[in-house]
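Enquirer: Positions annotated as transmembrane segment by TrEMBL: 20-38, 58-81, 93-117, 137-160, 215-237, 243-261, 323-348, 368-390, 397-418, 430-451. Taken from TrEMBL, the feature domain 'Nucleoside transporter/FeoB GTPase Gate' covers 141-237.
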Amino acid sequence: MDNQPQELRGSERKLAFIKFIIPSIIGIFLFITPITLGENFTIPVAYLAGLLQELLEGSLPLLVFIILALGFTLSFILTLMKDKYTYPQMIRTVFVVSPLSLLIRFIGVVLVGVTLWEMGPSFIWSEETGGTLIFELIPILFTVFLFAGLFLPLLMDYGLLEFVGGWMNRVMRPLFKLPGRSAIDCMASWVGDGTVGVLITNQQYEKGFYTKREAAVIGTTFSVVSITFSIVILQYLNLGHMFFEFYMILLISGFAAAVIMPRIPPLSRKSDTFINGEKPSLDSGHEKVDFKGALNVALSKAYQGQGFKGFVLSGIKNVLDMWLVVIPVVVVIGTISLVIAEYTPLFSILGTPFEYVLSWMQVPEAQAAGQTMVVGFADMFLPALLGVGIESEMTRFIIACVSVTQLIYMSEIGGLLLGSKIPVRFLDLVAIFLLRTLITLPIIVLIAHMIF
């Protein structure tokens, strides 16, 4: 990808500066700036999503079903007739899909419908499985995707990532083997929501700014659980008074995982080529530049940025992509994972080795805590649900920290990654989940012993 800056002078440079500053400030405010709401804080995009959830209340699951059903119907018809007609690019990208994608969209619609009207086997639509997804998670994703999709071009199309990426290369490259622009992904995830980080990463990968390896590393390493949700887990485990210690451990263990994971398989074996197969060159934006150079690249990008009509169309395409591509995958993968977690002993069996590890580390109530080390692969909140009855405050604290640093949850982040173009497979996610657990667990337990 050629990121050589266009030389701008006079009025062109002034126009470019305006197009760079205004969208970037709005984008930073919407996606990265924390705002306080009572005792909690969030980002404006998440706040807008929350307002819409309150406005629509219980009707969101039905609305999701209608949109997914319409999306599948259009996809089926347009894909079937793709050889007879020439569709506009946006229509073709969103609705003309492979047979596998069509099947996933169909199954997604069926699962949402089954859960809404409680049809068929109860293990599919029960409160612990489909009910959790359709009535709790999917409405959140639906509304977040709406506002995040509409406003993502503010972050990506007007020079902000080029500016940050230029001077952050000298930090991100040596530490994490990543381009500087990935710092925006991390900030948006940590302050706001991990799903936003995945969406930004996927968009950047599709546009040729990240290689396959970089996209896989960023999506599985920096799409962290938001501070807001971390607080929810702490409060549920009756550990709200330990937020400072909790936050410090997350930073330390998360940093260790972020440094180690890109250097070991499976992430280290991902191809360092862009989505079109090209390899990065020195002039592709992967080199270190100073502040002035970064600004010049940003202004060049802003000057070429789309107008208001292009901005709106790009936002609409983002939203449709997220709704019709990502949500069905999350529904399918999430339902399967939660059914396995709730109705089979699989995670209990897989957690057995961790019982011995935790006992060796002198963690109280190790047997009860063992399965919480692996059940988080299905859903991020399951470790807290299983661990809330444990008497030892230290053990509950360890469970809270590990559950957040594991990062790969099939009911959300894992499903999003598999539904995106980011080149990760299911087995990659299994390996990454286990490796992150093995890296962060000793650090968390060591510090926990110092605290308690």
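Easy rule for this one: first residue shown is 1, then count along the chain.
Glycine residues also receive a Cβ, built from the backbone N, Cα and C atoms like all the rest.
Curation does not apply to TrEMBL; its annotations are automatic.
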Enquirer: So if I exclude everything within five residues of the ends of the transmembrane segment (215-237), which remaining residues of that chain have a CB under 8 angstroms from its CBs? That is, six or more out.
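Expert: Here the qualifying positions are 40-42, 46, 176-178, 182, 185-186, 189-195, 197-198, 201-202, 204-205, 243, 246-247, 250, 254, 257-258, 261-262, 267, 270, 380-381, 384, 387-388, 396-397, 399-400, 403-404, 407-408, 413, 417, 420, 422-424, 428-429, 432.
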Enquirer: Do any residues, 6 or more residues outside the transmembrane segment (368-390), come within under 8 Å Cβ-to-Cβ of it, and if so which ones?
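Expert: Contacts of the transmembrane segment (368-390) (Cβ under 8 Å, skipping residues fewer than 6 from its ends): 132, 225, 229, 233, 236-238, 334, 337-338, 340-341, 347-348, 350-355, 358, 396, 398-400, 402-404, 406, 408-414, 430, 433, 437, 441.
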Enquirer: Under 8 angstroms for C-beta pairs, at least 3 of them, ignoring pairs fewer than 6 apart in sequence. Is the transmembrane segment (93-117) in contact with the transmembrane segment (323-348) by that rule?
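Expert: Result for the transmembrane segment (93-117) with the transmembrane segment (323-348) is yes.
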Enquirer: Tell me, roughly as an integer, the mean pLDDT over the domain 'Nucleoside transporter/FeoB GTPase Gate' (141-237).
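Expert: Averaged over the domain 'Nucleoside transporter/FeoB GTPase Gate' (141-237), the predicted model reaches a pLDDT of 82.
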Enquirer: Can you tell me which parts of the same chain pack against the transmembrane segment (323-348), counting only residues 6+ beyond its ends and a CB-CB cutoff under 8 A?
Expert: 64, 67-68, 71, 75, 94-95, 101, 104-105, 107-109, 111-112, 123-124, 126, 128-130, 132-134, 137-138, 141-142, 145, 371, 374-375, 377-379, 382, 410-412, 414-416, 418-420
Enquirer: Give the one range among 20-38, 137-160, 243-261, 397-418 whose Cβ atoms make the most pairs under 8 Å with those of the transmembrane segment (58-81).
Expert: 137-160
Enquirer: State the residues, same chain only, that lie 6 or more residues beyond the ends of the transmembrane segment (20-38) and have a CB under 8 A from a CB inside it; answer 'none' if no residue qualifies.
Expert: 44-45, 47, 147-148, 151, 153-155, 157-160, 163, 184, 187-188, 191-192, 196, 298-299, 301-302, 305
Enquirer: Using DSSP, how many residues of the domain 'Nucleoside transporter/FeoB GTPase Gate' (141-237) fall into helix, strand and coil, respectively?
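Expert: Its residues divide into 76 helix, 0 strand, 21 coil.
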Enquirer: Same chain only, please: residues at least 6 beyond the ends of the transmembrane segment (397-418) with a C-beta under 8 Å from a C-beta of the stretch. Say none if there are none.
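Expert: The answer is 132-133, 137, 141, 194-195, 198-199, 219-221, 223-225, 230, 233-234, 237, 239, 242, 245-246, 249-250, 253-254, 257, 326, 329-334, 336-338, 363, 369, 372-373, 376-380, 383-384, 387, 390, 424-426, 429, 432-433, 436-437, 440-441, 444-445, 448, 451-452.
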